[in-house]
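Data first, discussion second: the structure below is written as C-alpha cells.
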Amino acid sequence: MKYFNYAAGPSALFPEVVDQIKQELCNWQNTHSSVFEVSHRGAEFMAFAQNMEKTFRELLGIPEDYAVLFLQGGGRGAFDAVPLNLPLKHKRALYLTSGHWSRQPALEAKKYLEVKIAELVDQNFKPTKLDWTEETKDCDYVHFTANETIEGIENFTPPKVSPGVMVVADMSSDILSRPINVSDYDVIYAGAQKNIGCSGVTIYIVKKSLLGNAAPYCPTILNWDVYYKSDSLFNTPATFSWYTCGLTFNHLKEKFGNLSNLEKLNIRKAEKLYNYIDSEDFYTNKVDPSIRSRMNVSFTTPSEELDAKFVQEAKEAGLSGLKGHKVFGGLRASTYNALPEEAVDALIDFMKSFATKYR
C-alpha cells in the first residue's frame, strides 16, 4: 500500500529530498559528521548557505536590490517583525483579511501602530475588490495573505494602493508554487514548513532601501538590518532547516527547471480535485471558484460524523493529514509542491468509494 501525506504544515517533502537526507545523514560532505553537528560558520556550511540563497534567488528571479534573509520565529514572528522594521510616517497600516491567517497579523500590529482592517474576501468566501487606493492614502503599508491554508483561499494579485504605500505579502503557503514579480512587493515573508522545507526558518525578501529603519524597541532577533549585515548568521541558525531548504531549492531547479513548469503541475492537481468535488453532491466546497486555493483544498461531507469517518478510513487506506483545521472544521487536502499528482488521483479514488459507501 502506498502512503501519501496531505498535511497542511509541517508537510510532505519531496521523496528525493528525503532520500538525500538519509544518504548524507551520517557523513555530510565528507565531514564524517551529520549536518546537525557541523559548525554553521564552517567552510562547508557557509558554502552551502551561499548556494542556497543563490538558487532561491534564481527560482524567483529576485532583483539585486532586494535582500533575502533567513530568520527564525515562523510566520508569527513576522507578524511583529513587519511593523517593527518598516519606516512608519503615518503610523497606520491597512490589513486586508481573507481568512484566519490574515486576521492574526492585524492583531499583532495593533501593538505598534493604528490598524485599519478591510475584507479582501467576504464572509461568504467571495472576493471583494483589488483597488484600495482610496483606503491607503493615509497608510504606510498594506498587508495581505496570498494563500489562506485553513479556508482554502488564494489572493495572488497584489492590491492596488496609493503611491508610496508599501505592499507586504505573507506567502507562507504558496511561495515557490508559481512565478511572481518580486518587484510588485516591498516585503515578502514565508515560513518554510509548507512549500520550502521543514519548520525552523522563515524567509524574508525585503527591498534593501527599507533596511535600517527598525524601531528602537525592535528586538535584535527580529531586526532585518542586523540579519542582512550578518548574512543571516547573527545567531546560530536552525542548520537542519536551512539544509532541507537548500536541498529543496536544488531539487526544484533540477526537476522543473523553472516555476512556470511547476505551476502547470500545481494547477492540474488542484483542478482534478475541484472538478471531482463539483461533480459529486456528496462533497461540498464553500469557496468561490475564482479564489479557490491551489495549495489547500477544503471540503466537507454531509455531516461532521461522516467527516470524522472520512479521516479515519482514509488514514487506514494510507492517506493521512486530511482533517480540517479546528477553527474551520471539515476536511482539507494540502496539495503543495511535493505532493505528486498520483496522490491526488489516489485521494479522488478514495473519495469515490467513500461516497458510494455512505451515500
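Every residue gets a Cβ built from N, Cα and C, even glycine.
Because the structure is a prediction, the values reported are computed rather than measured.
Residues annotated as L-glutamate binding site in TrEMBL: R41. Mapped onto three states, the DSSP output places R41 (L-glutamate binding site) in coil.
TrEMBL lists G75, R76, W101, T149, D170, Q193, N235, T236 with the feature pyridoxal 5'-phosphate binding site. Neighbours of T149 (pyridoxal 5'-phosphate binding site), defined as other CB atoms within 10 A of its CB across all chains, total 26.
As annotated by TrEMBL, domain 'Aminotransferase class V' applies to 4-347.
Residues annotated as N6-(pyridoxal phosphate)lysine in TrEMBL: K194. Within the same chain, the residues at least 6 positions away from K194 (N6-(pyridoxal phosphate)lysine) whose Cβ sits under 8 Å from its Cβ are A8, G9, P10, S11, T149, S172, S173, M295, S334, Y336, listed in sequence order.
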**Item:** Farthest-apart CA atoms of G75, R76, W101, T149, D170, Q193, N235, T236, residues recorded for pyridoxal 5'-phosphate, distance in Å
**Value:** 30
**Asked** Measuring Cα to Cα, how many angstrom lie between D170 (pyridoxal 5'-phosphate binding site) and R41 (L-glutamate binding site)?
**Response** 30
**Message:** For a quick check of understanding: among the binding-site residues R41, G75, R76, D170, which residue's Cβ has the most other Cβ atoms within 10 Å?
**Reply:** D170
**Fill in**
Whole-number Å distance separating the Cα atoms of R41 (L-glutamate binding site) and N235 (pyridoxal 5'-phosphate binding site) is 11
